[in-house]
Amino acid sequence: MTRKLEGGKLLVATHNKGKLKEITEILAPYGVSVAGAGEMNLPEPEETEDTFVGNARIKAHAAAKATGLPALSDDSGITIDALNGAPGVYTADWAETPNGRDFQRAMARANDELNAVGAEAPRTAQFRCTLVIAWPDGHDEVFEGVMPGQLIWPIRGEHGFGYDPMFQPDGYDITCAEMNPAEKNKISHRGKAVAQFVQGCFGG
Ligand SMILES: O=c1[nH]c(=O)c2ncn([C@@H]3O[C@H](COP(=O)(O)OP(=O)(O)OP(=O)(O)O)[C@@H](O)[C@H]3O)c2[nH]1
Ligand SMILES: [Mg+2]
């Protein structure tokens, strides 16, 4: 049975400003305001699992334990069919450099690895989002969303974050970075997962 949440404020256990902005915007119509782990100075736990749900559990339970409040985490990434699902849980790692994350470089790597598979390699990929809400007593619940699409090159668009300029959702001829944010939230992996979370934890 899904445990319900009360009150209008939710702790979101992420240090990613792009995710936080999207979750804030998706939850606004439900009267839920959001506080991020970064602004609450919570440490960033190490993501040691090899599944989205495993890492989402680590982040949500760490924040719930540290604050005594229910905490929502988001573990997400891109799975590329021709690369057997890579980068998957390592999506952020592909962007890491000694000077911070560089997504131009991460997108170029995805394109290079696809080209190395061959000209005929399918360009299909999925954005995946796993949300975990954890309570301080150790209870948790999981919600998931997937957005299928194609990886295009050269990249296009200025909105969004991460790999958005490379990702063209199925049924669209523009990338996620060319959409306005509300349009992306309507169809995205994160939009779908948050809708399920709202239904489960705030619904009747
Ligand atoms: O173009 C994108 N549009 C999206 O909608 C999206 N959602 C996730 N991602 C990427 O997937 C990785 C998640 O890694 P991740 O779950 O560990 O998050 P993170 O480390 O950035 O923050 P945190 O929540 O762990 O604090 C990061 O590289 C994100 O850029 C996206 N990229
Ligand atoms: Mg992370």
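Keep in mind that glycine also has a Cβ here, set from the backbone N, Cα and C atoms.
What TrEMBL says about this one:
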{"type": "BINDING", "residues": "Thr14, His15, Asn16, Lys17, Gly18, Lys19, Ser76, Phe161, Gly162, Tyr163, Asp164, Lys184, His189, Arg190", "note": "substrate binding site"}
{"type": "BINDING", "residues": "Glu46, Asp75", "note": "Mg(2+) binding site"}
{"type": "ACT_SITE", "residues": "Asp75", "note": "active site, proton acceptor"}
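The most densely surrounded of the binding-site residues Glu46, Asp164, judged by C-beta neighbours within 10 angstroms, is Asp164. Between the listed binding-site residues, namely Gly18, Gly162, the fewest other CB atoms within 10 angstroms of a CB are found at Gly18. A Cβ distance below 6 Å to any atom of ligand 1 is met, among the binding-site residues Thr14, Glu46, Gly162, by Thr14, Gly162. There are 23 other Cβ atoms within 10 Å of the Cβ belonging to His189 (substrate binding site).
The distance from the Cα of His189 (substrate binding site) to the Cα of Glu46 (Mg(2+) binding site) comes to 23 Å. Taking every protein chain shown into account, Thr14, Asn16 are the binding-site residues, and of these the Cβ with the most other Cβ atoms within 10 Å belongs to Thr14. Largest CA to CA distance in the substrate binding set (Thr14, His15, Asn16, Lys17, Gly18, Lys19, Ser76, Phe161, Gly162, Tyr163, Asp164, Lys184, His189, Arg190): 20 Å, whole number. Here the Cβ of Asp75 (Mg(2+) binding site) has 26 other Cβ atoms within 10 Å, regardless of which shown protein chain they belong to.
Annotation note: Ser76 (substrate binding site) sits in a strand segment as assigned by DSSP. Between the CA atoms of Glu46 (Mg(2+) binding site) and Ser76 (substrate binding site) there is a gap of 15 Å. For the pair Asp75 (Mg(2+) binding site) and Gly18 (substrate binding site), the Cα-Cα distance reads 13 Å.
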